[in-house]
Amino acid sequence: ASEQRNKGMKMPMGYHKHCDKCYNVHCQVPVQTSVSCIVVKCHKNCGASLHMCKQEEHQLLCPNEIVPCLNVYYGCPLTMLRHRLAKHLEVCPASVVCCSQEWNRWPISETDLTFYRNISENPLVNTEENLDVALAYRDQEQLFQSIKMKNIFPELMLEDSALQNIAAGINSPADNASCSLDGGEYTENGSAKLDEELSQEERDTLAKCTDVTSIQNYSSWEKIFNKEKEGCKQTIKNLNKGEKGKEKEDQESSKNGVLERLGKEVNIAEYNMYLVHNGVMLINFGQLAACTPREKDFVYGSLEPIEVKSVRSFNVPTSYRAKRNHLKDPSRKAQTTHQSVDTSDLGISIEDLPKCEEVSTTLLCSLEKELKGHSISESVSTDGLYTDIGTQTYIFSSAPFKQDASLADVIAGKPCGLHLHIEAESVTRRHNKTSSAFSYMCGHYFRRDEYCFHFKNVHSDIQASLNGWFQQRCPLAYLGCTFTQMRFDPTGQEAIVKFSKDGSTLVLQPKANSSLCEVGKTFSPQRNDAQNLDPLSSLPLEIIQHIAGYLDSFTLSQLSQVSHLLREVCATLLQEKGMVSLKWEKKKHSSEGSSWICQKKVWKFSSQFSSVDRWSFSDTPSMSNHLGTCSFYQREDRTEPVALPCLGEVRDKHGKLKHKR
């Protein structure tokens with residue numbers, strides 16, 4: 001109100017001049033219609049006393065006023081008292097955090113093929129319990145989807161049909177003979193005659209027609225032809241301007257300009273140096289043409305022979321030592337010929353040449369570019385005179401590849417083993433993580449109150465200690481043994497750590513009683529009658545809701561997929577234990593522009609399991625028990641005596657001392 005009064009604006013109804021600046025709780029100013037009003041207390045019982053005309057303004061600050069959540073525009077539907085907003089943000093379903101933990105995983109080398117081949121070929125290896133193998137398979141799937149074959153093997157890609165048609169049209173004999181662009185023919189006087197331009201309605205009709213060949217490439221053609229057409233129009237304008245400006249040039253030729261004076265007064269080196277430093281200024285002031293006119297083009301017929309004089313002003317330093325191959329006598333140099341070398345010199349047909357394996361070859365090329373910054377057999381210039389030209393030919397059974405094909409698309413439907421190391425690196429100096437294909441991010445979303453437990457249990461406790469501490473492998477794994485065992489269990493919980501393929505993350509699986517497993521086997525999900533309900537759905541609804549209140553987010557997400565009844569029960573806990581996010585959709589307008597709109601709100605549970613405060617050693621037997629039966633542990637008994645390395649020296653010293661005596 002005070003700002004409105006200072007700006008000379010009309011005061012709102014109920015405004016009082018005294019109340020605007022009065023902050024006295026015990027104000028005794030007489031009540032007047034246009035000056036003041038009575039002092040009242042807040043009807044929300046927040047303890048504030050104010051003039052009655054300020055009640056509407058006080059609602060914007062009252063701590064007991066019911067207001068929506070601060071994340072109401074991000075999907076949170078809850079309303080609460082204003083003084084509880086800060087506390088609510090810790091458990092707000094719309095306050096979602098994305099885990100940004102990163103790590104690196106590199107392709108396997110040829111020395112470790114035995115172990116990884118056994119893992120890939122052994123069907124008894126349970127990837128859910130082998131945590132390192134399961135995580136490596138997950139990262140490998142992400143890696144194969146991110147590697148684009150176009151970036152690695154551009155020469156083995158299918159050509160775009162639109163580019164093929166355009167190239168065929170440009171290279172046709174008719175077009176080359178007339179030197180036309182977009183249907184135009186240049187005449188002798190430099191003007192061009194363009195074909196009649198299509199109207200917008202005719203273009204729209206042509207675009208909607210399905211009888212035209214390669215109609216899906218219409219938009220690409222239209223963009224390319226429009227650019228060519230604009231270039232032709234601009235060329236015509238420049239030629240017309242050139243004819244008009246010819247008369248001005250004839251008039252200005254009689255003037256003795258600065259360039260003509262410099263050409264007479266200084267030598268050619270100083271003249272060229274002046275043009276280099278002041279060329280932009282000369283062009284702006286019209287003293288120098290930006291482009292050479294057509295009539296002043298360089299013509300070989302008007303040249304006269306000039307005597308060439310060699311000037312040697314450089315003396316070779318006495319400390320210089322030339323390379324040995326540069327000091328040879330050119331007359332005695334061996335005769336050499338330039339000849340291309342390819343696979344045809346092997347005397348084998350192309351069909352009989354061995355095929356490259358897609359995964360290993362692609363990973364090798366990606367790793368070479370990742371660590372060394374260049375492709376395999378890339379051309380390199382050693383100095384200003386010599387260039388090492390490298391060529392590398394790859395033959396794949398699945399080539400050529402589509403333009404947008406990834407490595408995952410190429411090997412789809414084919415058996416693929418593990419090609420990445422089971423050990424992950426958290427820190428590396430060998431590459432830039434921001435643009436690396438071998439860097440992986442967790443990327444899972446959690447509520448703000450769940451993120452700290454996720455990072456501690458999954459990344460700090462399990463993933464960081466997976467190699468040799470949390471999970472122990474056989475010491476003979478380098479020979480090919482795939483045996484592994486877990487060394488830790490969560491304290492106070494009868495559960496084991498497993499990898500969930502559905503959630504693509506590590507979870508806790510309770511150790512279920514055998515009696516419950518027998519009951520679960522009798523349930524057939526193909527029947528929906530009341531007599532075939534799962535054991536949990538047969539309980540009263542109040543008990544089911546009470547049990548669901550103790551479950552974590554990941555268990556609730558799995559429970560909601562059992563039946564419609566359990567899904568409705570889990571839906572009642574979404575605001576308490578779930579999270580909400582906005583699903584955006586790109587909408588194209590009638591014009592060329594587009595915008596993003598919120599399509600709907602998506603409610604779901606995160607992949608966070610029950611938090612684990614402490615871990616304890618499990619009851620698994622010692623690894624020595626496995627070594628007693630390990631097939632890769634082959635003992636070699638030695639019965640013949642073996643002399644220690646130091647015994648020979650002792651004998652020599654003893655013999656010398658005895659000889660001296």
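Cβ coordinates come from backbone N, Cα and C, glycine included.
The domain 'TRAF-type' feature in TrEMBL is assigned to 58-100. Taken residue by residue, the domain 'TRAF-type' (58-100) breaks down under DSSP into 11 helix, 9 strand, 23 coil.
The DSSP breakdown of the domain 'F-box' (533-587) into helical (H, G, I), extended (E, B) and coil residues amounts to 27 helix, 9 strand, 19 coil. According to TrEMBL, the feature domain 'F-box' maps to 533-587.
Residues 42, 44-46, 48, 50, 441-449, 451, 454-455, 459, 574-575, 578-582, 601, 603 of the same chain sit 6 or more residues outside the zinc finger (58-100) yet have a Cβ under 8 Å from a Cβ within it. According to TrEMBL, the zinc finger annotation covers 58-100.
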